[in-house]
Amino acid sequence: MNLFQKNEFKETPFLPVSPEEVPPRPPSFPKKPSPKICGSNYPLSIVFIVVNEFCERFSYYGMKAVLTLYFLYFLHWSEDTSTSVYHAFSSLCYFTPILGAAIADSWLGKFKTIIYLSLVYVLGHVIKSMGALPILGGQMLHTVLSMVGLSLIALGTGGIKPCVAAFGGDQFEEKHAEERTRYFSVFYLSINAGSLISTFVTPMLRGDVQCFGKDCYALAFGVPGLLMVIALVVFAMGSKIYRKPPPEGNIVTQVVKCIWFAISNRFKNRSADIPKREHWLDWAAEKYPRQLIMDVKALTRVLFLYIPLPMFWALLDQQGSRWTLQATRMNGNLGFFVLQPDQMQVLNPFLVLIFIPLFDLVIYRLVSKCGINFTSLRKMAVGMILACLAFAVAATVEIKINEMAPPQPDSQEIFLQVLNLADNEVEVTVLGDENNSLLAESIKSFQKMPHYSRLHLKTKSQNFHFQLKYHNLSVYTEHSVEEKKWYTLIIREDGKSISSMMVKDEENKTTNGMTTMRFVNTLHEEINISLGTDSSLHVEEDYSVSAYRSVRRGEYPAVPCRTKNEDFSLNLGLLDFGAAYLFVITNSTSQGPQAWKMEYIPANKMSIAWQLPQYALVTAGEVMFSVTGLEFSYSQAPSSMKSVLQAAWLLTVAVGNIIVLIVAQFSSLVQWAEFILFSCLLLVVCLIFSIMGHYYVPIKPEDIQGSADKQIPKIQGNMINLETKKTKL
């Protein structure tokens, strides 16, 4: 007998619905035999899926590896804004899997979802690459194209994330469960292989290839886009041999509806006359089957432990943002190889491949033999502590970098150096009470100054008066300066006398670990200098000073130069990481024009190898936290809730990235203090998690299934006291 007519709304009490009354699931897909690999039990279709996953992960991690530096040096955003947008994108990538799973399970099925969202993915890469072309519009257009492209990429990568691995599992027959387990191991290996190779290759495409006279971000984004096209084509090639299960409904949606119904039903029936129930989810018994309610109960016990987890991801995901920015202020020369700042991220997937077997086969077994009960929750807590230590090490490295860097001028201060290009020594005196003795010593011809001198101002901008003594002459000159700036006072011959000019220097920082230079041309004709970029550097005659130009670190023994009458080359020597140089072009010898070199901002002294301990610690923490956390979660929830747990796990990653976004935007702390803040926050969260884990009682999945009939009381037929209103059943 059908108790409820279609489309009929009644103000009537709820009646219990037994599991037998739940509408049947759609029939399973036909289990047609599929071609096997070389006579084994492995379906041929998984080859296309594994290759697709490798290319897609190469595409995603390759693009993401250079993203922070793209924001910083191409779009010219601040470090905080670059970090915030980077983590906003990462967060979106972990929210969209819920949407992708809903589309696949409720509407299109896994195969069509992967195909359609991969097209969106490719379109996002195309738009993102266009946003990195300097010749295409200005900064506003680049920003718009980048944001649109990243949004589409986030929808694409997140949408297919929950579908590809599960679709590969669908290709196996139930009797080949062992082969399916091995497939997932190969699938995970393809993810790490794609990440490992791409995070090493794309920074080289960015830095070692020059496009339009600058780093080639268009190529660094375009190659991952090409890999995504290959991923889509390879996946589509296997269409005819795939086993394609039809959509069977989204369990995440069912769980949310069950929880919402229980809460709303309890709220409607809060009268004291209505008997209380043992658990708040028991209030869903009028509409949902008992087994589903018991599964959701087991699920909520695990989800409660998920509350502190986002803080761990907030630290882990800063490898691509804050740690990469830290690497730009370090020396990437390892002797046998020169690392780009964004290539340090390759350590994470590389160490993951080493640490997983090391922990499983060695460390955990040694701990077990020592009689220590190293439970899953304890492993996760230790993983959090290792991440805390990693950020403490990162803070120590940051403090050391700051100590090695030259000081910065404060308010109402400037830094000044004197460059004497005259043929004899010059005595420079700053006229004024405070600064009179700072430059009292004579400066020899072409003398390299060991450091800048600090001069104090009375206002934010001020005119300084200098006395220059050259031979028996005294020349008085006046120059205007602004606070917090760096200046060079260039003294030159002017007939039998001398003159001076004040030149504003580059701030005491260089970008992207590159080296910065400019030239002073003492010749009587203009010079064009080719520095290996698409455009030459033009320097006017008669002591003109060129604009700054950034180049890669390296040896420059013969830089081509051209004047109106002759071609020649200059030996610039080694240009090191982060240094700033001034070259004076002279022609005082019979060997032709020469370049006199002065380093006025020293090179980065801290080796990038000092980041290795923090990467090792955080990766060890990731192995203990992430792998163990998923394993523990799956063991504590019913099989029907696995996909819900996966969605909740991805949401913790998304929330963790939002935490970084908030701190980067609203915290005014210096970088080392921010690292300490994150370390302390995770330590507090680890303490809370440990307390929660101490009171958590692990249960077996079979206990969850077996207790369904015991936990939910039978709902009697007379439910006249339950107040329910106009609910369609």
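Any Cβ shown, glycine's included, is placed from N, Cα and C.
Automatic, uncurated: that is what TrEMBL annotation is.
Annotated features in TrEMBL:
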TRANSMEM  58-78  transmembrane segment
TRANSMEM  84-104  transmembrane segment
TRANSMEM  116-137  transmembrane segment
TRANSMEM  143-164  transmembrane segment
TRANSMEM  185-205  transmembrane segment
TRANSMEM  217-237  transmembrane segment
TRANSMEM  298-316  transmembrane segment
TRANSMEM  346-367  transmembrane segment
TRANSMEM  379-397  transmembrane segment
TRANSMEM  647-669  transmembrane segment
TRANSMEM  675-697  transmembrane segment
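Of the Cβ pairs linking the transmembrane segment (675-697) with the transmembrane segment (116-137) and spaced 6 or more residues apart, fewer than 3 are under 8 Å, so the two regions do not touch.
Here the transmembrane segment (143-164) has Cβ contacts under 8 Å with residues 49, 52-53, 56, 60, 63, 70, 75, 89, 92-97, 99-101, 103-104, 110, 113-114, 117-118, 120-132, 136, 643, 646-647, 650 of the same chain, all six or more residues outside its ends. Only pairs six or more apart in sequence are counted, and the transmembrane segment (298-316) with the transmembrane segment (116-137) gives fewer than three Cβ pairs under 8 Å, not enough to call it a contact. Sequence-distant contacts of the transmembrane segment (116-137) (same chain, at least 6 residues past either end, Cβ-Cβ under 8 Å): 56, 59, 63, 70, 74, 100, 103, 108, 143-146, 148-157, 159-160, 211-212, 214, 217-218, 220-222, 224-225, 228-229, 231-232, 235. For the transmembrane segment (58-78), same-chain residues at least 6 beyond its ends with a Cβ under 8 Å from one of its own Cβ atoms are 85-86, 89-90, 121, 125, 128, 132, 139, 142-143, 146, 153, 157, 194-195, 197-199, 201-203, 206, 214-215, 217, 220-221, 223-225, 227-228, 231, 320-321, 324-325, 328, 341-343, 345, 349, 511-512. The transmembrane segment (217-237) makes contact with the transmembrane segment (185-205), as judged by at least three Cβ pairs under 8 Å among residues 6 or more apart in sequence. For the transmembrane segment (346-367), the most Cβ-contacting stretch among 84-104, 185-205, 647-669 is 185-205 (pairs under 8 Å).
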